[in-house]
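Presented below is the structure to which this report refers.
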Amino acid sequence: SPPDWSNLTPMTFYANFTLTAYTHYYNPLFVFVPCAGAGGWSPLVSDRYQWLEVDLGRRTQITAVATQGRYGSSDWLTAYLLMFSDTGHNWRQHRQEDSLGAFPGNSNADTVVQYKLEQPVIARFLRLIPLDWNPSGRIGLRLEIYGCRYTSSVASFDGSRSSLVYRLSVRASWTVMETISLKFKTLKNSGTLLHAEGQRDHSLTLVLEKGKLLLYHLQGVSSSSGGQLLVSLGSLLDDQHWHHVKLERLSTHLNLTVDKNTLQVQIPADLSHWHIHTKVGSFLNFHGCLENLLYSDINLIDLAKHGSSQVGNVTFSCAEPVSVAVTFTDSHSFLQLPGLTSWSTGLVSVMLQFRTWNKGGLLLTFGLPQQDGTVFLYLSQARLRLQISKAGRSSLDLSLSFKNDHLSITVDKDEGATAHISISVPLTSDSQLFFGGCPTGESAQKCKNPFNTFQGCMRLLNLDDQTVDLIKVQQRLLGNYSHLQIDMCGIIDRCSPSHCEHGGICTQSWSTFHCNCSNSGYRGATCHSSIYEQSCEAYKHKGNMSGHYYIDVDGSGPIKPQLIYCNMTEDKTWMVIQHNNTELTRVQSSAERNQHFAYFDYSSEEEQLVAVISQSEHCEQELSYHCRKSRLSNTLEGAPFSWWVGGAGPGQSQTSWGGALTGTQQCGCSLQDSCLDPSHDCNCDADYDQWTEDSGLLTHKETLPVRSLVLGDIHRPGSEAAYRVGPLRCHGDKNFWNAAFFDKETSYLHFPTFQGELNADISFLFKTTSSSGVFLENLGIKDFIRIELSSSTEVVFSFDVGNGPLDVRVKTSLPLNDSRWHRVQAERNVKEASLRVDNFPAATHEAPTDGLMHLQLNSQLFIGGTASRQKGFLGCIRSLQLNGVTLDLEKRAKITPGVLPGCPGHCSSYGSLCQNEGRCEEKANGFSCDCGQSAYTGAFCHKEVSATFKSTTSITYILKEPFELSRNSSGLPSSIYSDITLRGENISLSFSTNQSPALLLYVSSFYREYLILLINKNGEDSQIAFSLGCLLLINDCVFLILEDLNLTSDVEFNSIKSLILGRVEEPDGLDAEMAELASLGFTGCLSGVHFNSISPLKAALLHPDSPVIVTSPLVQSSCGSSSPANTYAAETTHSLSGTGMDPGQPLVNTIRSDSALIGGVIAVVIFVTLSALAVMARFICSRKETYRNQEVKAAQPEDSNEFPFSGQPDSPSAPSENQKEYFI
C-alpha cells in the first residue's frame, strides 16, 4: 500500500523546496533544483516522508515526466508518486489506469526514464513523492517536466443571480453534429451547468445533482423542473477539481462525456431533427467556475467578455476557496484535536463535512470527565447515530435527532452534506476530540472505539465556528494524527464507471466494490459470464428435453438472453421463435382499400434474431398464401400485386413465394412444373374462381425472418385470400461443433490478438489422451495469458497484467486425458480470476485492490501451442469462445499443416444420454440415439410408446414365418429372424387397468411351447404397482410356461413364433379355461412393452411395415406417461419387468424417469419385506422343468381354487444344465 506520505516532520516540511520553472511554447519545462551539492536533489533524510514540489508559475498542460538519478552517485529513485494542484492545496494523486498510483523509476543514476501521461494534466503545482530508492544509496533525483502553455477563458458564478446567456441570432443551416463542451469545478453538489433551447419548445439541461451529472430532455417546462432523464454520468464531481464535460448531438444519438467516460443515448423521436437556435447558458444556481465553454467552435465566455452575451453577476476569474481535506485511509487512522479555551462556557459547536462509502464507522468521540461518560457520533447501516454512555447507567442511543434543550443534531437531506452538532456539556480546554478512530498506545486510555474506524474524507472542520488549521496538524504543531492523508481527499468511486456488466448493480466500500447479479442472467464478480447456454443444441447435449429455455446467443456479449422454445423431439434440435400471428388469417375483399398490410412482431429483439439466424446452420419459415381470384404477380415485367418483406433490420421486399428462388416472381410450383396454369409461375396467378394456394418453406437465411406482408389483389368482387406465416425455426449450432484436431505437438493455429483488457472470458471443450499441453497463449511485452493442461488431473490458467504472474489451478478427481469432452471456463476481470473445469469446484483468485488492471497484449493468439512451439497440445479443441465470440477453428485448420478440421467421436462423451437401450450413433457434428432396439422413442429414447386397449384390441408380432420343421435339419429359417432360442428372457412393460384377471402378454413357439404373463384374480381387490426395471415379486401376477413335451426333447424355449398383446384370437393348444381367459383380451393402457430386443407395441404404432397384425383401431396415447391425478382412482398405473437371465448377462437398463419415480417410492416401502422373501422367489414365481430327453415325463400342474393354472414346484433334485428359470 502507498506510504503515509503526509506525515511530515517540521524539519522535512520546511526543508522541501518550492521550485521555479520557465517554459517555452511547445518546449519541455526544465526544472533547476537549487540544493547543496552537485547533480540534483537529495534531501538530508531519506525516508518516505519527503517530497519535491514544483511551482510552474501558471497553469500548464503537463504531458510527461522524466527522472534521472543524481549525477555521479548511487542515488536514484525506483518508484514515486505524482500529485497535482492548481493552488498548492487540495492535491490530486495521478493514477495509472485509474487504480495504481506508483510510477516506475530508475535502475541507475544515468539513464533517463520518461513516463508519458495517458491524458495531459492541467495544473500549476506538481509534487513528486519518493516511494523507493536504491538500497545502496539514498534519495536522488534529476527531474524534467514536459508540457505546453495552456490558455483558457474562465467565468465564476456565485450560485444566486449569476447567469450567462448566448442567443443565436442567425442559423445558416442545420448540421449533422452539434457540440457543447466545458470544464467546471465546484464545492457544491448541486446546480445547473447548462441549458440549451431548441425549436418546438424542446431543450436539453445538464444538471449537477448529488455530485453526479444528469442530462434531461424537457418540452414546454422550465429548465428547473421536470423533464425526461436521458443519461447520468460521473460521481464525486463536487471535489473542487476541474472536470471536463462534452455533449455531442449526432443524427441518431447523443454522446455525453465526463472526464474519461462516455455514454451514448438514443435521441428521442422529438429530437431527431432538433438543433439549438435560441440560447445556451443560464447558470442560475451553479456555484463554482466554468472554463472554455464552447458551442461548436464558439467560445461563449470570450463573447461574454466582449459584451456579445447576456451576463449577470459573473466574474471572469476563478476565486478558489482554500479547502484542506483529510483522508482516513485504514483501520489505524485517527485525528486528535484539543479543546478550545472558550469551552469553559459549556457551549461546544462542531461542524464538518464527510464523505464515505462505508455504511458504518466512528465520526467523533469525546469523554465527559465530570459525568464519567462518553459521547459517540457514528454511522451504522448508513444512518447517523448518537450514543451517550455513562458509567453505571445504560447507554442512550439515538438515531438522526435528539430534541431537547441540551443537544441537537442537524443532518442535511442531500448526500454528502453537512452535519451540525450543538452540545451543552461540561467540556474544557483539556478535553480531547477524536475523529475517525482512536490511537493506540498510551493515548488509547483516553479513547475507546467500540465501532469500526471511519474510512473516508472530512473537510471544512470547524470548532466553535473556527476552521481547524489542518496544515498545522500536518506539521505536528496542533493535535495528533496517524495514517492520514492531509490536504487531499483520496476517496475513489469504484462504481463510476461501473465495472458491473449486463445490468448488475454496483455497491462499494472504501477498498472494493461488489456486483449484485441477481435477475441479470449472468454470474461472476462483474456479472460477465452468462448462466445460460448459447443454443438449444447446447441444452440438448446436457440431457435436457423439449421446452422453453433462455438462450444467450453471444454468451458474455451485449445481447440479452431470450426465452425460446427448443424442440428436441427429432434428430435435429430446433429453435422456435414465435411472432404475434402464426394462425391462418383470412382477408376479405374490399372496394375501399387496394392493399392489406400485415406486420409481425417477434418475441425476440432485433439483435437476438440476427444472431440466432447467423449462428444456425439452417433456418426456415413457412409462408402460405391461400387465394380465390387473388393473384400474386402481375406479369414478369410488371410490378407484383403482393410481396413480403424479410431480412435483417428493416428488411427488403421479396417477390418469391412458396420456396422459389430469391429474387424471382415465382412460386414453388414453378420449380416442379406443377402450377395449375402452365403459363403462370404461381397457382394463384391462374386467377381461378376456386380456392388454391402457394405455400412452402423460405430457407434463405438472408431473407429471414418475414417482417410484413402486402397483399394487393383483394379489391375485386369475389376476391378472397388467407395467409399464414409460421414461426421462425432454426437448427444446427455452427459454433457448438466448430472444432480442430491437433495431431502434432508442433502444430498450432494463430488468430489476431485477443482484446480483453478489463474483462476476458475464455471457454472451450477439449478431449485428449495426452497428459499435458498448452490450449492457448497470447503474449504482450510483459503481460500474457495462457491456459494449459499441466497434468492429467490439473488445468492451469496463468496471466500477468503487470502485477506479477498469477496461476489459478483446478485439480480434478478424475483423469482428463480419457478421450472424452471436457469443458473449461476461464474468466479474468478487474476483481478476480476464476477457472472452472466440468462440474468440479471452481478456483478463484482475487485481484489486488490497487493493482494494474489492463491486460495489454500485442502478439498473435496461439491455439493448441505456443510461440516457442513447445508443450503443444495433442487432441481436439471445440467451441472456443473469447468474450462470447467464436473462433472459426475449422476454417483456419483447413489451411494449416498439422491441424485437421472437425473432430469425430462424440459417443464416448454423450452416449450416456441415450436411455432405455438406445444406441449412440456417431455423426460428423454430434450424435444421435438409435431407438430401434428400445421400446421407447424420442431424441434420447426417453419417450414411452403407449396405447389404450379395448377388449377387442389385438397386436400380433410375427417373429418367424412357418417352415418345415425338422429335428435333424441344421438349416436355418428363411426369415430375417433367426431361429430364436431363449436361455434368458427380459420382459418389461407398464400397464394400467382395473381388469382382473387379465392377460398381458402371450408368446408362442412352433414347438407348442407357451409363455403367458397375466394378472391374477385377487388383483381386483388390491392396488398393484410395479417399478419398471426392478425385480419385484408380487403374487398377483403369474408367469406360466406350458410345454408339449412330445414335440421336443430340447431344454430351451425354441423357435418363437409370435408375441400377442391384448386379445388372443386363436389360442392354439390352450385348454378351455385358459383359452377363455385369453379371448377376454386386455382393457386398459399398455406402455413400453419390450421382449428381449423386440418392441411389439412400438412396431405396431410407429412402424407399420413391421411384421405386425393389428385388429381394431389402435391409436397412440400418453396414458403411460401421466400419473393418475386421483390416488384413489379405480385404475392404478403399474410398471412390470420380468427377467430370466444367464449368469453374467448384463441387466438391461429399462428404467424411465417417470416410472422410476413412482416405483422407487414403492420399492423403498416393500424392500425389507421382499428381502425376506427373496429366498422364496424361485418357489412363488418360478417354474422349473427338467427334461431327460423323451424318457422323462413333465410334472403336470395341479388345480388351484384361486387360479386353475397356478403351477407347483417340482421336487428338489440335483442341479442340472437343463434347468430353466423365469423370474418376474
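Cβ atoms are placed via backbone N, Cα and C, with glycine included.
As annotated by TrEMBL, domain 'F5/8 type C' applies to 41-148.
Sequence annotations record features per position, and here TrEMBL assigns domain 'Laminin G' to 154-318 (among others).
Feature annotation from TrEMBL assigns domain 'Laminin G' to 324-489 (among others).
Looking only at the domain 'EGF-like' (491-528), the predicted model's pLDDT averages out at 91. Taken from TrEMBL, the feature domain 'EGF-like' applies to 491-528 (among others).
Per TrEMBL, domain 'Fibrinogen C-terminal' is recorded for 527-579.
Summarising the annotation, TrEMBL assigns domain 'Laminin G' to 738-903 (among others).
Positions annotated as disulfide bond by TrEMBL: CYS876-CYS903. Shown in sequence order, ALA739, ALA740, PHE741, LYS767, CYS876, ARG878 are the residues of the chain, 6+ apart in sequence, with a C-beta less than 8 angstroms from the C-beta of CYS903 (disulfide bond).
Annotated domain 'EGF-like' per TrEMBL: 904-942 (among others), in sequence order.
According to TrEMBL, the transmembrane segment annotation covers 1156-1180.
If you look up TrEMBL, you'll see 1190-1224 marked as region 'Disordered'.
Annotated compositional bias 'Polar residues' per TrEMBL: 1208-1217, in sequence order.
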Within-chain partners of the domain 'EGF-like' (904-942) [C-beta distance under 8 Å, separation at least 6 from its ends]: 537, 540-541, 543, 545, 568-571, 573, 732, 737, 767, 819-821, 988-989, 1088-1090, 1093, 1095, 1097-1098, 1102, 1148-1153
Three-state composition of the domain 'EGF-like' (904-942), taking helix and strand from DSSP: 7 helix, 12 strand, 20 coil
Non-local residues, at least 6 beyond the ends, that sit with Cβ under 8 Å of the domain 'EGF-like' (491-528): 98, 212, 233-236, 261, 327, 355-358, 455-457, 550, 552, 556, 560-561, 758-759, 761, 827, 829-832, 834, 849
The domain 'F5/8 type C' (41-148), counted residue by residue under DSSP: helix, strand, coil: 0 helix, 62 strand, 46 coil
All-chain count of other Cβ atoms within 10 Å of CYS876 (disulfide bond): 23
The domain 'EGF-like' (491-528): DSSP-derived helix, strand, coil residue counts: 0 helix, 10 strand, 28 coil
